[in-house]
């Protein structure tokens, strides 16, 4: 399966780490905010939808589930579209889909139609925006990439804090139909963000026709031959099983302890507020020269911290204990959110990232659909929230150990005996004959262009697990 890459740009281009990259970062911030916050913000309309269509809470909850499933499950489709048409055209179409779905939902007469419009169409539109925006961010930032990822990831809690009150305000003044219509118009801003995703262009060489783009498969399955990618995919899938469970049940946990509804809902506000600052901070720390080569281990620590927080949160017996839990959960959750895609970029490199992220999101989609419902079934069987938090914590802890031990034993221990021979042979390979005179400018260009020739990325401590 092959095809030309329209928006890929020539290989070997140096990331500007600034300039127009800041506009790309802003667009990625907005897209990330819409993608992660919108499925949760739509829940403020659930009560009116239940009254309108005479359905239960479980029926309305499928709206958010379908949105998330489309966001994660269409990863390979997004990868194919990006590799075939480029990031900007895919994002423009995605913005139109996201808006069209919400506008069409405002005219729906049944919950099935809501599933198709808000769930499938809007979810697909958000997916077509989210993945390409991360790919463009990866192209524009290299040295400052951890910081850029942290700032972009902060869009999720910021937009959640903004969209939820906005949705409630729209519902109070215009009803759910008017609210859906206005939110559909708001999603057109995704098209504005798409316009910011300007493809990188390399300067033309003197007397040449410019650098040529390398052809690439629409979906590069060769990433499965990378042990680092396999470890990351397994660990991320296990992590997602338990990562989203505590935020779903913490409010109900508080109410079960006798906490008033208003105070119980304030727990999510605390979590989101801490998350806003945790993500950029984690990005800045990861970007430090002495820390960045160990970003995989830092990601493992973030997952371990999150799982340990879940286990300790299961012992909370009053509102104060849940507040402390939400503070530490917000810190660990923000660290995970800031590092997850940064680590994936470091593992697979720039050229394979568009395919790798699509495949990882597909695997995570299965876990997203299994995680919260399994926690709900455990709660229905035991009626004890403690067990739900213990299950979530155990799953996230397991994922951290898989990544940490797998990286240490399977990836970290590579055969070193053959390295001197390989270096010697490589030096012989690139050493010019004694009797041949080589222009110094040609040598300099060759050395700069060699690391990414034929679409291959050199693995440095920052681009390998």
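Each residue, glycine too, has its Cβ placed from N, Cα and C.
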Feature transmembrane segment in TrEMBL, mapped to one of the ranges 294-313, 414-433: 294-313
Stretch carrying transmembrane segment according to TrEMBL (options 264-282, 435-453): 264-282
Cβ contacts under 8 Å made by the transmembrane segment (149-170) with residues that lie 6+ beyond its boundaries: 25, 28-38, 40-42, 44-45, 133-134, 137, 178-179, 182-183, 269, 272-273, 275-276, 279-284, 286, 334, 337-339, 341-342, 345
CB contact flag for the transmembrane segment (229-252) and the transmembrane segment (353-372), at least three pairs under 8 A: yes
Non-local residues, at least 6 beyond the ends, that sit with Cβ under 8 Å of the transmembrane segment (384-405): 231-232, 234-239, 241-243, 245-246, 249, 252-253, 256, 296-297, 299-304, 306-311, 313-315, 371, 374-375, 378
Touch test for the transmembrane segment (176-197) and the transmembrane segment (353-372), at least 3 Cβ pairs under 8 Å: no
Distant-in-sequence neighbours of the transmembrane segment (353-372), which means Cβ under 8 A and at least six residues beyond its ends: 65, 68-69, 71-80, 82-83, 131, 134-135, 138, 217, 219-221, 223-224, 229, 232-233, 236-245, 248, 341, 344-345, 347, 392, 395
